[in-house]
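Engineer: First the structure, which I've put down as structure tokens, then a few questions once you've had a look.
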Amino acid sequence: MAFPKMRLMYICLLVLGALCLYFSMYSLNPFKEQSFVYKKDVNFLKLPDTDCRQTPPFLVLLVTSSHKQLAERMAIRQTWGKERTVKGKQLKTFFLLGTTSSAAETKEVDQESRRHGDIIQKDFLDVYYNLTLKTMMGIEWVHRFCPQAAFVMKTDSDMFINVDYLTELLLKKNRTTRFFTGFLKLNEFPIRQPFSKWFVSKSEYPWDRYPPFCSGTGYVFSGDVASQVYNVSESVPYIKLEDVFVGLCLERLNIRLEELHSQPTFFPGGLRFSVCRFRRIVACHFIKPRTLLDYWQA
């Protein structure tokens with residue numbers, strides 16, 4: 001009699017564990033059937049200490065970051081994000097953050113913002129599924145406060161960006177309007193598996209194919225595109241995948257994606273680190289702060 005009871009108890013525990021796993025994973029995807037809208041009337045909590053009108057930058061780099069990524073931000077400030085002049089062109093870097101429920105992290109970011117003057121922030125929860133809000137916040141900032149920028153790059157905190165090579169290629173391209181480049185994704189489909197990080201429901205996006213877009217790990221566009229995307233954004237169906245949302249805006253604007261170079265220069269899947277190799281690329285994903293510092297000290 002003891003054995004059947006033990007087996008029944010074991011089965012019950014397995015079922016209970018499976019149910020707990022299911023509901024915990026479901027709760028990690030808060031956007032499954034929720035509708036979020038980018039609110040243009042939300043005020044900025046933090047603005048960077050800069051004046052684009054006096055010294056219009058050639059390239060503005062907008063880096064999505066989180067409160068826990070202080071080490072990444074510090075490494076970027078010491079390497080590719082350091083304000084400087086490349087080939088006579090001024091480059092400026094700013095970090096995009098939302099808010100956190102942690103009072104300690106909020107205080108740390110407040111101090112960091114006062115110290116470095118390079119943080120842009122609005123009042124939305126800083127989670128992965130709010131990347132569209134975060135990206136549009138950066139684009140809005142360019143539209144409102146830095147429309148004089150010749151080019152803008154949106155990228156992430158775990159990226160290597162070769163700003164010298166990027167500047168060189170942009171100067172050779174000689175394009176100043178309606179320009180958008182990056183790692184082109186021209187034939188992508190929505191992922192309908194509920195447990196995927198990139199799950200998109202039919203109610204959020206009913207179509208079977210995405211428009212052309214560039215990987216959100218790093219894309220570059222002419223300054224005028226920031227205002228055009230910002231102005232059209234409220235008339236475009238909202239989607240939590242920020243790179244797809246920007247692609248939808250570009251489709252509405254009839255702006256075509258372009259290759260920056262005849263050879264691959266954007267690597268969203270990462271590359272094995274090599275100083276020589278990295279001198280001829282623009283962007284590489286999955287780069288740790290130590291690797292950035294090693295490259296700049298080489």
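Backbone N, Cα and C atoms are what each Cβ position is placed from, and that goes for glycine too.
So Swiss-Prot has the following annotated:
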- ASN130: N-linked glycosylation site (CARBOHYD)
- ASN174: N-linked glycosylation site (CARBOHYD)
- ASN231: N-linked glycosylation site (CARBOHYD)
- 1-7: topological domain 'Cytoplasmic' (TOPO_DOM)
- 29-298: topological domain 'Lumenal' (TOPO_DOM)
- 8-28: transmembrane segment (TRANSMEM)
Engineer: If you run the three-state DSSP split on ASN174 (N-linked glycosylation site), which class comes out?
Structural biologist: coil
Engineer: Compute the C-alpha separation of ASN231 (N-linked glycosylation site) from ASN130 (N-linked glycosylation site), stating it in Å without decimals.
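Structural biologist: That comes out at 20 Å between the alpha carbons.
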Engineer: If you measure ASN130 (N-linked glycosylation site) to ASN174 (N-linked glycosylation site) at Cα, how many Å is it?
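Structural biologist: So the Cα of ASN174 (N-linked glycosylation site) lies 34 Å away from that of ASN130 (N-linked glycosylation site).
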Engineer: Please compare the glycosylation sites ASN130, ASN231 by how many other CB atoms fall within 10 Å of each one's CB, and tell me which has the fewest.
Structural biologist: ASN231
Engineer: For ASN174 (N-linked glycosylation site), which residues of its chain lie six or more apart in sequence with Cβ-Cβ distance below 8 Å?
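Structural biologist: The list for ASN174 (N-linked glycosylation site) is empty, so the answer is none.
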